[in-house]
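Going by TrEMBL, these are the annotated features:
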type	residues	note
DOMAIN	2-196	domain 'Mannitol dehydrogenase N-terminal'
BINDING	Ala3, Val4, His5, Phe6, Gly7, Ala8, Gly9, Asn10, Ile11, Gly12, Arg13, Gly14	NAD(+) binding site
DOMAIN	204-381	domain 'Mannitol dehydrogenase C-terminal'
Amino acid sequence: MLAVHFGAGNIGRGFIGLLLNEAGYHTTFVDVNKEIVDLLNERNEYNVVLAAESKDEVTVNHVSALNSMTEAEKVIEAIGKADLITTAVGPNILPIIAKLLTEGLQERVKTNQTPLNVIACENLIGGSTLLKKHVYNQLDETEKSIMDQVIGFPDAAVDRIVPNQVNDDKLLVMVEPYYEWVVDQSMLVGKQPIIKGITFVEALNPYIERKLFTVNTGHAVAAYLGYHYGIPSIDQALENKEVKGLLEKTLNETGLLLSQKHSFKQEEHRHYIRKIIKRFENTYLADDVTRVGRGPLRKLGPNDRLVGPAKQFIEVVGQQPVYLAKAIAAALKYDVKTDEEAVQIQQLISDKGLHEAITEITELRQDHDLFKLIVEQYHSLG
Ligand SMILES: NC(=O)c1ccc[n+]([C@@H]2O[C@H](COP(=O)([O-])OP(=O)(O)OC[C@H]3O[C@@H](n4cnc5c(N)ncnc54)[C@H](O)[C@@H]3O)[C@@H](O)[C@H]2O)c1
Ligand SMILES: O=P(O)(O)OC[C@@H](O)[C@@H](O)[C@H](O)[C@H](O)CO
């Protein structure tokens with residue numbers, strides 16, 4: 001069995017590649033990083049080490065790689081033969097890989113009508129659906145009706161913390177022990193892939209919202225407030241009582257929303273939150289606040305992990321999301337010069353002023369309750 005996986009980065013190698021290998025796939029990674037592509041082809045294997053006292057290590061083999069910049073034809077050929085396609089490139093890169101993916105799928109369906117699923121493993125609600133949209137924008141009506149029959153784009157939620165890697169061995173990936181991969185079964189075509197570690201569910205929305213609005217909202221709070229207090233890593237941010245307290249209060253807000261919206265049992269959800277906080281406290285991960293806070297423009301988007309639940313909190317719970325607003329304010333103050341999106345936000349605030357910048361970034365109208373809360377919290381953060 002062949003899997004073509006776009007993005008041989010942290011989650012690609014440290015999570016998806018590992019599970020695909022355990023399920024018996026040969027994985028062809030597609031990436032633009034020449035060094036990683038060359039090393040994968042030289043060794044055809046790499047190791048994954050657990051960020052835990054045991055430091056257990058497993059070898060992932062049956063892997064190779066293609067450079068999408070210089071080997072487009074080979075990528076198209078691999079898509080033609082693939083049994084599964086997955087991605088972990090980052091939401092902003094999906095429109096870029098969609099071009100080559102489309103060419104591959106167009107060629108494939110000319111001779112191969114075997115059903116094929118494309119699963120985007122990104123931190124995004126409706127990631128595969130978005131990728132499908134980018135693909136379908138390039139198809140004519142006949143191609144669309146063929147693809148409707150044989151190509152599936154099931155949405156997914158993936159959860160495993162994989163920090164930036166600082167190992168001498170450039171292929172080695174350190175990952176936390178915990179993982180969860182949930183896929184929307186109702187969106188699959190053909191047979192369900194047999195991959196130990198995937199949970200198939202009939203409706204993904206409660207799972208992706210639970211993950212994004214708990215793990216990623218909590219992570220964002222720790223990153224932006226951690227940065228605000230000059231703390232370099234997430235586990236250290238959690239040692240700071242002020243940050244941990246604000247994190248817990250923010251997750252109580254999203255918890256209330258999620259419990260009301262998806263009828264989660266409150267005690268079970270509290271247990272889920274406690275487990276996540278423990279994961280953030282893992283000192284073996286030493287996860288930089290700048291990795292977790294990366295891309296603040298994306299994270300402040302109208303449906304992402306901060307503004308998304310804050311708006312819903314007002315609508316569903318009927319209260320003011322004070323702590324989510326504080327996290328949004330901290331994200332607006334995130335001033336990391338090496339992060340292009342942070343630079344853009346600071347530039348926007350200085351060019352157009354805070355109010356206009358908030359509207360442009362979050363798409364919130366100035367008379368929205370959340371808008372006023374964000375402004376208040378921004379000024380109170382100092
Ligand atoms: N790291 C985590 O803890 C984690 C956990 C769950 C989900 N995710 C999600 O997984 C995705 C990837 O995150 P990551 O942490 O692995 O990032 P990463 O930067 O480590 O990996 C991304 C990879 O994509 C490659 N890439 C960039 N442009 C490309 C292109 N045009 N074609 C092919 N490959 C390209 C990069 O070279 C890199 O190897 C993101 O959506 C992220 O939100 C990450
Ligand atoms: O990948 P991002 O930039 O969307 O978010 C940063 C982290 O919160 C994220 O990578 C987590 O580590 C991951 O989602 C855990 O499953």
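Every residue, even glycine, has its Cβ placed from backbone N, Cα and C.
Structural mapping of features recorded in TrEMBL.
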| residue | record | Cβ within 10 Å |
| --- | --- | --- |
| Ala3 | NAD(+) binding site | 27 |
| His5 | NAD(+) binding site | 27 |
| Gly7 | NAD(+) binding site | 26 |
| Gly9 | NAD(+) binding site | 18 |
| Ile11 | NAD(+) binding site | 23 |
| Arg13 | NAD(+) binding site | 29 |
What average pLDDT is reported by the model for the domain 'Mannitol dehydrogenase C-terminal' (204-381)? 98
